[in-house]
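Q: Let me begin by handing over the structure; questions about it come next.
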Amino acid sequence: MFKRRALGFLLAFLLVFTAVFGSMPMEFAKAETDTAPAIANVVGNFQSKLGDSDWNINSDKTIMTYKGNGFYEFTTPVALPAGDYEYKVALNHSWEGGGVPSQGNLSFHLDSDSVVTFYYNYNTSSITDSTKYTPIPEDKLPRLVGTIQPAIGAGDDWKPETSTAIMRDYKFNNVYEYTANVPKGNYEFKVTLGPSWDINYGLNGEQNGPNIPLNVAYDTKITFYYDSVSHNIWTDYNPPLTGPDNNIYYDDLRHDTHDPFFRSPFGAIKTGDTVTLRIQAKNHDIESAKISYWDDIKKTRIEVPMYRIGQSPDGKYEYWEVKLSFDHPTRIWYYFILKDGTKTAYYGDNDEQLGGVGKATDTENKDFELTVYDKNLDTPDWMKGSVMYQIFPDRFFNGDSSNDHLKKYSRGFDPVEYHSNWYELPDNPNDKNKLGYTGDGIWSNDFFGGDLKGIDDKLDYLKSLGISVIYLNPIFQSPSNHRYDTTDYTKIDELLGDLSTFKKLMEDAHAKGIKVILDGVFNHTSDDSIYFDRYGKYLNTGVLGAYQAWKQGDQSKSPYGDWYEIKPDGTYEGWWGFDSLPVIRQINGSEYNVKSWADFIINNPNAISKYWLNPDGDKNVGADGWRLDVANEVAHDFWVHFRGAINTVKPNAPMVAENWNDASLDLLGDSFNSVMNYLFRNAVIDFILDKSFDDGNVVHNPIDAAKLDQRLMSIYERYPLPVFYSTMNLLGSHDTMRILTVFGYNSADENQNSQAAKDLAVKRLKLAAILQMGYPGMPSIYYGDEAGQSGGKDPDNRRTFPWGREDTDLQTFFKKVVNIRNENQVLKTGDLETLYANGDVYAFGRRIINGKDTFGKSYPDSVAIVVINKGDAKQVSIDTTKFIRDGVAFTDALSGKTYTVQDGKIVVEVGSMDGAILISDTGQNLTAPQPITDLKAVSGNGKVDLSWSVVDKAVSYNIYRSTVKGGLYEKIASNVTQITYTDTEVTNGLKYVYAVTAVDNDGNESALSNEVEAYPAFPIGWAGNMNQVNTHVIGVNNPVEVYAEVWAQGLTDKPGQGENMIAQLGYRYIGDTVGDAVYNAVYNKVEGVEISKDWTWVDAQYVGDSGNNDKYMAKFVPDMVGTWEYIMRFSSNQGHDWTYTKGPDGKTDEAKQFTVVPSNDVETPTAPVLQQPGIESSRVTLNWSPSADDVAIFGYEIYKSSSETGPFIKIATVSDSVYNYVDTDVVNGNVYYYKVVAVDTSYNRTASNTVKATPDIIPIKVTFNVTIPDYTPDDGVNIAGNFPDAFWNPNANQMTKAGSNTYSITLTLNEGTQIEYKYARGSWDKVEKGEYGNEIDNRKITVVNQGSNTMVVNDTVQRWRDVPIYIYSPKDKTIVDANTSEIEIKGNTYKGAKVTINDESFVQQENGVFTKVVPLEYGVNTIKIHVEPSGDKNNELTKDITITVTREKPARRQNLLLLHQQKQQNHLKKYHKAK
């Protein structure tokens, strides 16, 4: 990226263009009449001088006045006393999101009492004050005047009184600016101060100076700058480049994975398909481009060259392309490597890795993701677009009271707690210390009586709701109510029913067209299971559990003994550290290698995975698929075999993965075909909730519609298409807070159970449901959400279904919106296109047109448009030009309102916190004609002729033109009724690409035809007059200059360079002369190096006219003695055709030759010594010793071969001061040979020894360094995550203390491994938190080799969960002497906290530090410190601390004096307080 350039530099590159097109101005300032975007108040240690308290962000005395354009001002009403001051600006009475640099306070000094004015700009977050800055008065603000005024819509030529191009100082740095869209053309301008010529500045900042020229080569946005101190004037316009400048313009780079022009096809691709990837750069800005990609399955990184395919229609950008195809399912991670001379840039994904538009950096960046899935991957048709209902069986409905009390014990010999009141809240041991708690304090042992018969009894209710799939939480025998701790996989839990109950439920559900998915828990079992039997409850069965066998000293005595790894001390791995959930062990990294376990679950004829889909051989009484618990914590190959097993019973049966993040690696086609889409849930909540909220699983932060779209599109592009249309799109589950409570309502919480809270929450839920039911996937309803059930975190989220107490209005709404989905196939399998994503409104379209849905299935044509609005009521104009034709009529299935597409848009009325589901009316023709397949183009001088065949049902044709294949099309003609078209609006010398569409009588437009290229051009008549190069002395600073001329009638016979003419010099080494024979050994011969005799082509530059000809020149430096050959060539049509320089006859192509002879220096350099490279993954690092020479070393050439004897190919040249090189263009496992050749200034060469290297996958030593808060208890720091040997264990991976506040650990991990982690101090109660005390997302890295098989990660912990507040001083039980009458309390807490000391509130500084002086009485002083969140209540962030400080009593002879002094102090305090 580039800083502003001096005007002189800009003028040196100005090009003159004649075509001028109109453009509207774009000024990046708000109108003077705009409204304040926020409340801004200036706070600091001066506020007390204004009768306020210092650093008071709640002050109403220092609120700044909004002046428009983002500017605020505040002037102190009285003079501030002389002295030093600090201040900041806070927004909306909060430190959060402040408009200030967060790195420190701003300061000013007053030598004498003075009034001070503070300035703040909301748009740039800039702040200053009148002690250091004086703005130009409003009536004297600088403005642009000149011929540019009418071009940018800013008044008349050279009239300052009409100029609206007012420049403003947005950053308070005395640089005023104005931004506008400027059309292509030649302009002159100056800057005046105010609306007259009284004070004006021109070229070089000279007052009354010459006009400033500006020649703009293409329509572009330009910012004009004026420095009020130096009076210099400049712009940020960069003219077109003509060659390497060792810079890359970062702002012009672009790759957008959501735009099919840059990545086609969109989204995940099938094996064998080809994906086209493109990147944009400023035209002629980069010399080469490569794509570097990592294959997650093969564990290799490969670099592939890209090729320039053309430029944008306006000539501003160029495009590079690569096509990739993969024959195996995998996940690809890629970024771009771009070079221009000595500059290298990297272009990767954005910081959030959401796809879409990426980001350029100086170093390797985050990768874009591309999923490649098995072409045979599919899901059952009934899955795609069905509506799921999740049931927690114990809490849904009690259909059989006879089984309500069949359990004697829960876990071990713990009691069972049976509820007698269906409407009671679940027992929550978190509340055991609260008044009124009636539970037994034991987790998950309370039951309400819900059972399988209860579900069967309510199938008609579910059917009326529109449900077609039921997902049941675990139903197998278990000691707990959640049943994720399985006791016996072969039995239905006795409180739920038995096998016959199960079969009847399956049969009845299937009879009503409802499928059933079971919950499978195969990562762990219960410690109270028949398989583990920790408590010896099953000794009388005759089969030993693994734990009992271990107690007898021989774990093999149990048929389940090898399922678990029990250590000699009796400990074992429990899921996430819970000893109630012993984990199934892995052998060689997989549970499948535990044969008895694999046989039991997968391989046996009646293995668990198959049996429950086909109990006793009857598929109709079996379930239809599995939801699989903690899927990413079980080895992938276990799931591959699981898939193979269930496919023998029900092919493609659902395998729904529980995965809270990107699950693409599990969705490649060999196992899972759906996922619990928590990513969808979190995005929808963030958008609709519109405030920060910690729901216990994730911290939600407000986003707008554009960010919502980006996050949803990132899911769309990562998941295989059949999976995306079958994802479990949930809003809540048994693991999350109830969605109504997330949206603000909890019936059991007096702070959240008002009618207003409920009304708002219900509105939010309805809005979410509209989106959910209109979006592709399998929307899932968590039981009771549709009936108004609320609930907090587990276990409160598992309340009973409120039968008889339902919110019937909400139920009715859900039935309506679900059945709208069910009645419209387009909402199930129609395609998806974002139509509007701006601010509070999000709209997307669904289509089944031309009689086919997304998967090629035949359905009637239908179109839907779904709109949701979280803001105020409004009309939304939605652009439909690329989505559906004019005239199509729609009806809102929710409101009944009707709409029609007109002039390429549809205007939808949407209420506040409301939505619409527009469905096209039936009976409309939405089938377009077939696309044209035989379009042809013939290029001419100033024209292109197009032709094609007649298309059935077409009444007219539209013509589209671009400059590159695959996109950027502009419609250049419509309603063409012939099957030919001549385009005369072309510029000779440019490449054009055409496509044509067919349009029927209703306006339905076909897809684009086949693409054709055309090259209109002036024909070149002749090229020649190439000079003869004489005998040439070799040397690095001695180039050869070649001149030649070209003639093209109508092009070169005009003054100046012929537009779009390309000239190139070609040269090659021949090496068959006597001179070569004599000098070859010294100059040219490097053993194993094959001297290339191919042509090298370099661009030539126009140097002037020669009569009717244009003359060009190019240079090159010969680097070997002997004979060289050269020739020039010319093209007037982008290199599509070439004309070579002719001989004397003017007809025959003529290449000329010359001889290169040695210089006086014939002594070779000393040989560099190339060290043996170490083994690294995806790279080879070469190091060598420097060479010496009698004159000078020029550089080193690096050569590479796949054979020890060659041929060696030169891959790079480095300068004389560089003694290393990293080759990343390698493939792990391949063998490479290298040598380095020292080259002196006369091209004498000496080769090094040859080394052999084989890059391979080897472990990377990853060092994690973390800086922690200075108040952290000295109890150690751990790093917990999905590390292979310590999965999310906060007590493992103990770090080493490296400094007072730093810890470090080095772990060995495989390259390409994606690690998620957090820092903790031995337990999850002491895990890291964000700066506001909020839950933070998992940290994420991908292990890469940063060099020498190492990687370094540097992190900072903001806060800890267990330390919401810390007191630095004083310590508890501090004793001070009698003379100390007050003490300063210094502490640290989270941002935004409310802190009170002895019930007196104040606001801490932005960085969390606070200080407060507290008066001390004689004797023991009790200081009470309290902190709590300023917003939502959060028990973790609320804490009370009591400190005692004892002030000694004075000696007896001092008592009277001190008592008198204390009384005086108290009297003065009361006096000042009264004042």
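Backbone N, Cα and C atoms are what each Cβ position is placed from, and that goes for glycine too.
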Q: Given Swiss-Prot annotates D245, N247, D285 as Ca(2+) 1-binding, which of D198, D340, D349, D351 belongs to that site as well?
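A: Swiss-Prot lists D245, N247, D285 binding Ca(2+) 1, and from D198, D340, D349, D351 it also lists D340.
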Q: What recorded positions in the list N247, D400, D404, E658, R798 lie within 10 angstroms of D629 (active site, nucleophile), counting C-alpha atoms?
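A: Hits: E658.
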Q: Can you tell me which of the binding-site residues D400, D404, G449, D451, R798 is spatially closest to D340 (Ca(2+) 1 binding site)? Compare CA atoms only.
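A: Closest by Cα distance to D340 (Ca(2+) 1 binding site) among the binding-site residues D400, D404, G449, D451, R798: R798.
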Q: Using the Cβ center of N398, D400, N403, D404, G449, D451 as the Ca(2+) 2 site position, which other residues in that chain lie within 8 Å, going by their Cβ?
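A: Here the non-site neighbours turn out to be G399, S401, S402, G450, K453, G454, L495, L496.
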Q: What is the one among the recorded positions D285, D404, D451, D629, E658 whose Cβ has the most other Cβ atoms less than or equal to 10 Å away?
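A: Output for this query is D451.
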Q: Only counting partners 6 or more residues apart, tell me which same-chain residues put their Cβ under 8 Å from the Cβ of D245 (Ca(2+) 1 binding site).
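A: Listed in sequence order: D340, G341.
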Q: Far apart in sequence but close in space: which same-chain residues, 6 or more away, have a Cβ under 8 Å from D400 (Ca(2+) 2 binding site)?
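A: Within the chain, D400 (Ca(2+) 2 binding site) has Cβ neighbours under 8 Å at D451, K453, G454, G497, T501.
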Q: For D285 (Ca(2+) 1 binding site) and E658 (active site, proton donor), what Cα-Cα distance in Å is obtained after rounding to a whole number?
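A: Between the Cα atoms of D285 (Ca(2+) 1 binding site) and E658 (active site, proton donor), the distance comes to 46 Å.
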Q: For each of D340, D735, D794, count the other CB atoms within 10 A of its CB; which of these binding-site residues has the top count?
A: D340
Q: For G449 (Ca(2+) 2 binding site), which residues in the same chain are close in space, meaning a Cβ under 8 Å from its Cβ, but six or more apart along the sequence?
A: D394, N398, S401, D404, Y418, H419, W422, L495
Q: Taking the Cα of E658 (active site, proton donor) as the centre, which of the binding-site residues listed as N247, D794, R798 lie within 10 Å of it?
A: none
Q: On the three-state reduction of DSSP, what should I expect for N247 (Ca(2+) 1 binding site)?
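A: Going by the DSSP assignment, N247 (Ca(2+) 1 binding site) belongs to neither helix nor strand, so it counts as coil.
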Q: Which chain-mates of R798 (substrate binding site) that are at least 6 residues away have a CB under 8 A from its CB, listed by sequence?
A: F392, D394, R395, P426, N481, H482, H734, G791
Q: Reduce the DSSP letter at D794 (substrate binding site) to three states and note it down.
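A: The residue in question, D794 (substrate binding site), is coil (DSSP, three-state).
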